[in-house]
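Right, one structure below, let's go through it.
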Amino acid sequence: MAVISSRKQSRRSPDEFPTVQLFLLAIVRLAEPIALTSIFPYAWALVKQFHLGSEQDASFYAGFLISSFSLCEAAMGMYWGGLSDKIGRKPVLLFGCLGTTLSLLLVGFSSNIWMALVGRAIGGLLNGNIGVIQTMVAEMVTNPEHEPRAYSVMPFVWSIGTIIGPAIGGSFANPRESFPDVFPDSSLFTTFPYLLPNLLCAGLLLVSILLGYFLLEETHPDMQPRMMMPDSTYVSEETPLNQTSDAMKRAAVDLRAENYGSFQKHGESCDEEPVWREKSKPAESIFKNKKIVALIVALSIFTYHSMTYDHLLPIFFEDKRAPGFVSSARLSPFYAPGGLGLSVRDVGAIMAVNGIIALFVQAIIFPIAAKWIGVFRLFIVVTVLHPVAYLLVPFLLQVPESMLYPAIYFCLSVRNMLSILLYPLLLILIKEVTPSSTVLGKVNGLAASAGAACRMIAPPIAGYLYTLGTRLDCTAIAWYGSAFTAVAGAVQCFFVKRAQAPDTSAERGTVGDD
């Protein structure tokens, strides 16, 4: 006999793809890529305006300015992830957006390098969005078949941010020179030439904060409203009458289990979790899980050399061509003086097109490649091929001027094919090896902190190598350094072992360390 109970209807089946909520989360996700990349086109020019050392040292100091955000983000990433496990994902996420907005305003009003550094640092300290967003996606997506599609959404949004951020930064930096008729000498933007792009980015963030506050739903399993849970959580036709009063305790569906959405065996108590799922453990146990550690190391290596690319690219594009340099005169991997001599606006436009290329790769190529090749095999392939993206860039100096832009976009396409595919693959693999949803926030927080730490050290090291290369007439040294790190990542990826998916048709084995 079926048990009749009055209950609220769930808004969404756990097996449905969470289109609306992922879209809202994506809007909020724009915060970090806009904040991180809008400064890229003008960071070098901003540092030169502060007159720190010689002009050759500007790339080194620009690296410190960019990396200060990641330094503080690394220090606080695990804290924000752990806090989201306690108070919920949504409050931490929105607070991170507010911190990023404050950071943009401080950088815009900076009159010296120290104020700019403080502004970037505050943005990193208050922004724990990377780990929290990864956790929210994992909690929204309960059907494994949806994972490749869902995990491609946030990198897709990152690509949108890398279009909007550099486009705004490159187009509206120093508006007095770019739009003299609109901005007279007496305007505020003459005193603060890099305020306008930061104001525009802050305005976009305020819109995302409002949408997130009113429309985005909490995803923490213990903090969702009853009406968000599946109907079978409260009562089931299989539920005996003597368990009706305890339906929440012995539900047909365990919302916190890794196999969320599947039914418990008849007579199986939800108080006794399946053997293959580890119970909640202290945070220290995360460091003892070899699979988690190996994947976080892989993510860190990738984040490092990816950040060096993002930092070096605008500097290499804007750096002056060496006087009298003829591209065909001396073809050598160790002779690469100067850069391409492009303007800030040209660089902003190129980086915007780069974002469009990344969008295409993320939306079209990634789901197909992940389905045909498989997540783990695709991870190995793109990691091994990654050094090629860095080795190609220095040879742009040898390209004739008439073919320069096609050659630039070819290099950007190769890089996007590799990096845009790799990031969501790492997120999927990290989720697979996480032993319990109760520590997912900590795991993603740790991954975010490790990635942020690598983003912190990447720009100063890459900037130093570029400065050294400038003095040696071989700016390619910086690119070779990135390629060397990518080779290390290619070697390390073979030490990563994928967790075996649990067999729901037989007795489940333990998902843990090797």
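Cβ from N, Cα, C; glycine included.
What TrEMBL records for this protein:
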{"type": "DOMAIN", "residues": "21-500", "note": "domain 'Major facilitator superfamily (MFS) profile'"}
{"type": "TRANSMEM", "residues": "20-40", "note": "transmembrane segment"}
{"type": "TRANSMEM", "residues": "60-80", "note": "transmembrane segment"}
{"type": "TRANSMEM", "residues": "92-115", "note": "transmembrane segment"}
{"type": "TRANSMEM", "residues": "153-174", "note": "transmembrane segment"}
{"type": "TRANSMEM", "residues": "194-216", "note": "transmembrane segment"}
{"type": "TRANSMEM", "residues": "292-309", "note": "transmembrane segment"}
{"type": "TRANSMEM", "residues": "347-368", "note": "transmembrane segment"}
{"type": "TRANSMEM", "residues": "375-397", "note": "transmembrane segment"}
{"type": "TRANSMEM", "residues": "403-430", "note": "transmembrane segment"}
Report task. Establish whether the number of Cβ pairs under 8 Å between the transmembrane segment (292-309) and the transmembrane segment (20-40) reaches at least three, counting only pairs separated by 6 or more residues. Result -> no
Requested in this report: Determine the mean pLDDT over the domain 'Major facilitator superfamily (MFS) profile' (21-500), rounding to the nearest whole number.
Outcome: 79
Report task. For the transmembrane segment (375-397), name the stretch out of 60-80, 92-115, 194-216, 347-368, 403-430 with the most CB-CB pairs under 8 Å. Result -> 403-430
Query raised in the report: Any chance the transmembrane segment (194-216) and the transmembrane segment (92-115) have 3 or more Cβ pairs under 8 A, given the pairs are 6 or more apart in sequence?
Result: yes
